[in-house]
Amino acid sequence: MFAQVLTVTLRILGFRAGPQDFPYDPRLTWPLVSITGLANFLVFVQVLPAVSSAAMAAAMIAGTALVTRSILRARNLAPRFNQTFNSLLATAAVLTLLLLPLFMQVAPVLREIAAKPQLLEQPDALRLPQGVVFTMNLLNFWNFAVTAHIFRHAANVQLWVGVIIALIIAFVVLFFVAFAGSLVGAMFGAA
């Protein structure tokens, strides 16, 4: 089963398959939630406390689940939730794990800015590795394009509608992550 999940995930990442090709097995959801949550946590923990990182990683998954279920229900396609959500989780996990070593190179500069915000007033003092940042942006764009591709197939819509759905997911997830980070910061004093 793992080989099939990995193969289909890579095909979806290459825009050669859709969520309908993902194995239907509700037992896959929790392992994929765990892997994707861990991948997001590993990125966040580079610059944030562990409690905030865990809350924000969980919020990303919750936001994705909420929008996915809402869109599919609105289109009367609720039975497609499992394969759609699992394909979103699997592709996000792969791309986030690819992003991790790049983010680890940028994280020290981000931690330095957090410690000394006045550095933002001196742009010459900040040197981000441009190739790394460019590659990170490409991976983020790829993730966005894959999300649009998945929803184009799952919701039976045109590509431009898939792009709009991907934008909606991005905004909802951003809101969930910001809310979770703020809530945990308020509860634990930026723990």
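Going from the start of the chain as shown, residues are counted 1 onward.
Glycine residues also receive a Cβ, built from the backbone N, Cα and C atoms like all the rest.
Residues or ranges marked as transmembrane segment in TrEMBL: 41-67 (among others).
Long-range Cβ contacts of the transmembrane segment (88-110) within its own chain (Cβ-Cβ under 8 Å, at least 6 residues beyond either end) map to 5, 8-10, 12-13, 19, 22, 29, 32-33, 35-36, 39-40, 42-43, 46-47, 61, 64, 68, 126-129, 132-133, 135-136, 139-140, 142-143, 146-147, 150. According to TrEMBL, the feature transmembrane segment maps to 88-110 (among others).
Taken from TrEMBL, the feature transmembrane segment applies to 130-151 (among others). Sequence-distant contacts of the transmembrane segment (130-151) (same chain, at least 6 residues past either end, Cβ-Cβ under 8 Å): 12-13, 15, 18-19, 71, 84, 87-88, 91-92, 95, 98-99, 102-103, 105-106, 157, 159, 161-163, 165-166, 169-170.
The transmembrane segment annotation in TrEMBL covers 163-188 (among others).
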